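Notes follow the structure.
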Amino acid sequence: MAMIDEPLYPIAVLIDELKNEDIQLRLNSIRRLSTIARALGEERTRKELIPFLSENNDDDDEVLLAMAEELGVFVPYVGGVEHANVLLPPLEGLCSVEETCVRDKAVESLCRIGSQMREADLLEFFIPLVKRLAAGEWFTARVSSCGLFHIAYPSASETLRNELRTIYSQLCQDDMPMVRRAAATNLGKFAATVEPAHLKTDIMSMFEDLTQDDQDSVRLLAVEDCAALGKHLEPQDCVAHILPVIVNFSQDKSWRVRYMVANQLYELCEAVGPEATRTDLVPAYVRLLRDNEAEVRIAAAGKVTKFCRILSPELAVQHVLPCVKELSSDSSQHVRSALASVIMGMAPVLGKDATIEQLLPIFLSLLKDEFPDVRLNIISKLDQVNQVIGIDLLSQSLLPAIVELAEDRHWRVRLAIIEYIPLLASQLGVGFFDDKLGALCMQWLKDKVFSIRDAAATNVKRLAEEFGPEWAMQHIIPQVLDMINDPHYLYRMTILHAISLLAPVMGSEVTCSKLLPVIVETAKDRVPNIKFNVAKVLQSLVPIVDQPVVEKTIRPCLVELSEDPDVDVRYFANQGLQAIEQVMMSS
C-alpha cells in the first residue's frame, strides 16, 4: 500500500503546505519545488504540479517571488525545451500581480524560458502571451509585457513583427505613466532586435514620443535610451536624431532629467562621436556644470575628467577649466567633493604647463577646504599629479599643504596622508624625506586614534622596505625603541606592533642585537595587555631568529610569562611555546 501511495505523497504534502497559514511553511514548499518535480517525474509535473501552481492564488508577495524564481529554472523538470510552454501560464499570472519585484522576477523567468524555446513554440505560445499581456486590462500586465518583446520579436513572421512594433508603439503612448516608463526602460533591448530599416522609422518615432512625455520620470529613462539607440544607428543618423534630443534634455525643465544627462554624459558622447561632442555637447556640458541644482552639478563634476579625455587639451582649457575653477569654490560641499575625486585625472589630459598654471592653484584650494571629504579625495589621487608635474614642483607647492594635513583634526584625513607617505617617499627620495617627513612618521605613532597608530606602524615598515635596513637602522629603529618607555601603555603597545612588523624587514642579526633585548625587557611591564602582546611578538620572531636564540632568550621569557597571574598572558605565552615546539618538530 505504501508503495502505491508514495508518488501521490509529495503533491499531497505540497498542496497541504501551500494552503497552510504559516508563511514560512508555504515558502519552504515553494523552494522545494524542484525536489517535488523530480519525485513526480516529468509527465506528472506537467499534468498536476504546474496546473496546481497556475491556480495557486497565494496573496503573499514573498511566496509569489520565490515561485517566479523557481519556475525560471524549471525547464529540465517538465521534460526539456519541447515542453517549456507549460511553464508560461503560471508565470503569465504572476506578470499581473501588484508587487513590482514579483512581476520583474516573472518577466526575467519568462525571458530565460523564451530564449530556450523552439521557434515554433515561440510563435504558438510565447508571442500570444506577450500580446495578451500588452492588451491587459490592468496596467501591471502591460508593464510586464514591455520586457518580453525583445525575446518574441526575432522569431516572428513579417506580419507579426509589424503587429508587435505597433503594439509597442501603443505602449509608449499608454495612459499610465508606469507603462510608458517600462516601455522607455526596455526600448534599447527591443531596438537591438529590430531591423535597421524599421529602427530609423518606427523605433525612432517611439523614442521621440517618449522624449516629449509630460512626465519627467519617463523622459529621464529616455536619456538612457539615447546611449542605447546610438549604438545601433549609423553615425550620421545619431547626429540627426539623437544629438538634438541630448541637447534639449540638457536644458530640460526637470532637474532629474538634467541630472540623468550629466550622469550618462560619457556614454552619450560615445554615441554621437567626437566631432559632434566638440561642437554641440561641450556647450551642453558647460551648462550642466553651471546648473542651478547642486545634484546636477555633482553629477557633471564627477564626469569632468572623462569628458576632457574626449576633447583636445586646448578645448578643455578653454571651455571646461573655467567651470572647474568655479566649482572648486562651489557653495555645496558635495559638489566640491565630487570634483576633488576626479580633478587629479585632468593633469595627464592637460599636460604639464596647463596643470602647473591652471590646475595647481585649484588643487591647493581644495586641499585647504573646510570639508574633510574634499581634502581626502584630493590626497588619495595625488600620485596622478606627480607623474605630470614632476617631484620638484610637487615638493615646493603641495608638500607644505601635505605637512599641514598630517596634523588635520579629522583622523580620516590623517589616515589618508599616512597611506600616501610610502609612495611620496619613493618619489621624493631619501634625502628630502628625512628633512621634511621623517619627524611626522614618528609623531603618528603617538596619535590619539588607534587606526592612525596602527597605520603608522605599517607605514614605518613600508619605509624600511623602501629605503633599506641600513637607513632604517639610522633613522627609524633608535626612535622607535626610545618610545617603548612611554608612560602610556597604549603607545607602548603600538611600538610592540611596530617592532613585530620591522623584524622581518631588518633581518635576524638586527632583530637579535637591537629588537629582542627591548622586547624581553618589556615582558616585565606591569600592564597585562603589554605582556600578552610581548608573548605574541615573541611568537612572531620564532621563524626569523636562529634556534639557539630561541632556546636561550625567547623560550625562558615565554616560560616566565606562562606563569603570570593574568589568564590572557598565560594563554598567549602557551601559544608561543606551542609554536616553538612545532618549529622544532618540523626542523
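The backbone N, Cα and C atoms fix where each Cβ goes, glycine too.
Per TrEMBL, the features are as follows:
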- 10-48: repeat 'HEAT' (REPEAT)
- 164-202: repeat 'HEAT' (REPEAT)
- 203-241: repeat 'HEAT' (REPEAT)
- 242-280: repeat 'HEAT' (REPEAT)
- 281-319: repeat 'HEAT' (REPEAT)
- 320-358: repeat 'HEAT' (REPEAT)
- 359-397: repeat 'HEAT' (REPEAT)
- 398-436: repeat 'HEAT' (REPEAT)
- 476-514: repeat 'HEAT' (REPEAT)
- 515-553: repeat 'HEAT' (REPEAT)
- 554-587: repeat 'HEAT' (REPEAT)
In terms of Cβ proximity under 8 Å, which residues at least six beyond the ends of the repeat 'HEAT' (476-514) contact it? 442, 445-446, 450, 453-454, 456-458, 460-461, 463-465, 469, 521-522, 525, 527, 529-530, 533-534, 536-537, 540-541, 544-546, 549
Can you name the far-off residues of the same chain, 6+ from the ends of the repeat 'HEAT' (242-280), with a Cβ under 8 Å from a Cβ of it? 207-208, 211, 216-217, 219-220, 222-224, 226-227, 229-231, 233, 235, 287-288, 291, 293, 295-296, 299-300, 303, 306-307, 310-312, 315
Per the Cβ under 8 Å criterion, with at least 6 residues separating them from its ends, the repeat 'HEAT' (281-319) contacts 243, 246-247, 250-251, 255, 258-259, 261-263, 265-266, 268-269, 272, 274, 326-327, 330-332, 334-335, 338-339, 341-343, 345-346, 349-351, 354, 358
Taking DSSP H, G, I as helix and E, B as strand, the repeat 'HEAT' (203-241) contains 33 helix, 0 strand, 6 coil
